[in-house]
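To start, the structure under review is shown below, and the notes come after it.
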Amino acid sequence: MNAAKSLSIVPFLDCLSRLKTTPRTGWLYHGIEKPESIADHMYRMGILTMLCNDPSINKERCLKIAVVHDMAESIVGDITPHENVSKEEKHRMESEAMVSITQQLIPLNLSLQAEEIKELFLEYESASTPEAKFVKDIDKFEMIAQMFEYERKFNGEKDLSQFTWAGKLIQHPLVKGWLNDVLQEREQFWASVRQKKL
């Protein structure tokens, strides 16, 4: 990177831009054409964190974690279990990517902000705080909500029930309540699909 480039925000913006155009790989593996992007996923997660009504959780911090947690995927891509990459290797790759991304901010006198972004990522990865745990629940819930949207979009021609496993890991009562809403509506939807086939 030359000196002129190192003093520009553009390389950092380019990283963020890739999040807008990189599809969530899991949907591609299940035949969803033109699926949501990584940024689509993080945006809805961010909005959902703002609905947190638990006074013991800092929802502003949750929002920050939500919009940072998959940032490394702008470099490493959306790694799914299909790739057979170990959790340790995935964490190593993503941690290195976060260093690379945030280093672009240092020449712009944004060292503190770069450090905050890395800390938010590591907090999420380690699930070391109530906020990180809440965002992990939101991450799983958002995927299940998206699953149901795709099932409805394809009028019941695609059964994506293999994604529902994530719901069993959701802990926070608020997110569990939302999950129950989605799963109940999904049950009604599939009952209607089966009825039409009779």
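Yeah, the Cβs are placed from backbone N, Cα and C, and that goes for glycine too.
The domain 'HD' annotation in Swiss-Prot covers 38-144. What Swiss-Prot lists as divalent metal cation 1 binding site is His41, His69, Asp70, Asp139. Positions annotated as divalent metal cation 2 binding site by Swiss-Prot: Glu73, Asp78, Ile79.
All features noted in Swiss-Prot, drawn onto the structure.
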| residue | record | DSSP class |
| --- | --- | --- |
| His41 | divalent metal cation 1 binding site | helix |
| His69 | divalent metal cation 1 binding site | coil |
| Asp78 | divalent metal cation 2 binding site | coil |
| Asp139 | divalent metal cation 1 binding site | helix |
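Asp70 (divalent metal cation 1 binding site) sits 8 Å from Asp78 (divalent metal cation 2 binding site), taking the CA atoms of both as reference points. Within 8 A of the CB centroid of the divalent metal cation 1 site residues His41, His69, Asp70, Asp139, the other residues of that chain are Ile38, Met42, Met45, Ala66, Val135, Glu142. In sequence order, Thr22, Thr25, Ile38, Asp70, Ala72, Val76, Gly77, Thr80 are the residues of the same chain, not among Glu73, Asp78, Ile79, whose CB sits within 8 A of the CB centroid for the divalent metal cation 2 site.
Of all the binding-site residues given, namely Asp70, Glu73, Asp78, Asp139, the one with the smallest number of surrounding CB atoms inside 10 A is Asp78. When other Cβ atoms within 10 Å of the Cβ of His41 (divalent metal cation 1 binding site) are tallied across all protein chains shown, the result is 22. Note on Ile79 (divalent metal cation 2 binding site): other Cβ atoms within 10 Å of its Cβ, all shown chains, come to 16.
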